[in-house]
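Here is what TrEMBL records for this protein:
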type	residues	note
BINDING	ASP64, VAL67, GLY69, ASP71, SER73, GLU82	Ca(2+) 1 binding site
BINDING	PRO156	substrate binding site
BINDING	HIS186	heme b binding site
BINDING	THR187, ASP238, ASP246	Ca(2+) 2 binding site
COMPBIAS	146-156	compositional bias 'Polar residues'
DISULFID	CYS32-CYS108	disulfide bond
DISULFID	CYS65-CYS70	disulfide bond
DISULFID	CYS114-CYS319	disulfide bond
DISULFID	CYS193-CYS225	disulfide bond
DOMAIN	22-323	domain 'Plant heme peroxidase family profile'
SIGNAL	1-21	signal peptide
Amino acid sequence: MEASMWFAFIVILVMSSCVQGQLKTGFYSSSCPRAEAIVRSTVEAHSNKDPTILAGLLRLHFHDCFVQGCDGSVLITGSSTEMSAPPNLGLRGFDVIDDAKSQLEPLCPGVVSCADILALAARDAVVLSDGPSWPVPTGRRDGRVSSASEVSNNLPSPLESVATHRQKFAAKGLDDNDLVTLVGGHTIGQTDCLFFRYRLYNFTATGNSDPTVNPAFLSQLQALCPKDGDGSKRVALDKDSQTKFDVSFFKNVRDGNAVLESDQRLWGEATTRTIVQNYAGSIRGLLGLRFDIEFPKAMIKMSSVEVKTGTQGEIRKVCSKFN
């Protein structure tokens, strides 16, 4: 292993061992030794049936962490919970988390939190998409609050400016590098026509398309999402390799081929453009490697946002409802 790669790996190890103080890698090594392996095999089994669930799990963890911290609050069902808020209506992967929990609970009753299952599943989803692996610090407890009204104020929206995203990330202790790196998770997954069709036909309310969309890509998107077509039709966020975790997403942003407006805006702002350029680059391999190192570091930071530990919160018996 090259010296620089080895150093980067050590940095990730150190980050994962000292993050947030109370989280630690291997938290369940004696209390529930098979916990991580069971989560991994559950994610793998579901992805064998539906590979698109991997991106769903990564997104589910992101949406959890930005509201009330990484505490499994997004998993609670109900008419006024986070799950019911409009930005969360397309979330998927709840069944994977429930499946893992139903296997863990008989083995280790009341031990493994739903919040940790989700954090582990997000990492496993990246690994199963040919992305990097990292040691996930565990020991999160499940939150006792889940409110739809908190979602839009905290969760970044694809319609918002880079400045607004920057504020929302900064509120969670995440910087510009974390922002661009975590948005790079869009290298896998899909979105609905509903969330970007306005860019194709009526961007300025005068019937024009968004001028930042590459013309060749514009016609591809218009074919996929006709003006009066089905708004729930799914389109890949990374046109080149939607099931592979790689840097092609950043090349798309550089070339005007980003699907979401907020993704494309990263190229229009000097600070974020530099980070996109570093990942997109032109030297094959080297820059993919850089993203593979930075993404785990950003994930470890994000997955420790406002966590509950110790005697805070609870360990749910069923992930979709409070004890």
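Glycine is no exception: its Cβ is also placed from the backbone N, Cα and C atoms.
Looking only at the recorded positions CYS32, CYS65, CYS70, SER73, CYS319, the one with its C-alpha closest to ASP246 (Ca(2+) 2 binding site) is CYS65.
Closest in space to CYS108 (disulfide bond), of the recorded positions given as VAL67, ASP71, SER73, CYS193, CYS225, is ASP71, taking the CA atom of each residue.
When the compositional bias 'Polar residues' (146-156) is classified with DSSP, helix, strand and coil residues number 7 helix, 0 strand, 4 coil. A Cα-Cα distance of 14 Å separates CYS193 (disulfide bond) from ASP238 (Ca(2+) 2 binding site). Note on the domain 'Plant heme peroxidase family profile' (22-323): its mean pLDDT in the predicted model is 95. Sequence-distant neighbours of CYS114 (disulfide bond) (same chain, 6+ residues apart, CB-CB distance under 8 A): GLY72, LEU75, ILE97, LYS101, ASP142, ARG316, CYS319. Using a 10 Å Cα-Cα cut-off around CYS70 (disulfide bond), the binding-site residues GLU82, PRO156, HIS186, THR187, ASP238 reduce to an empty set.
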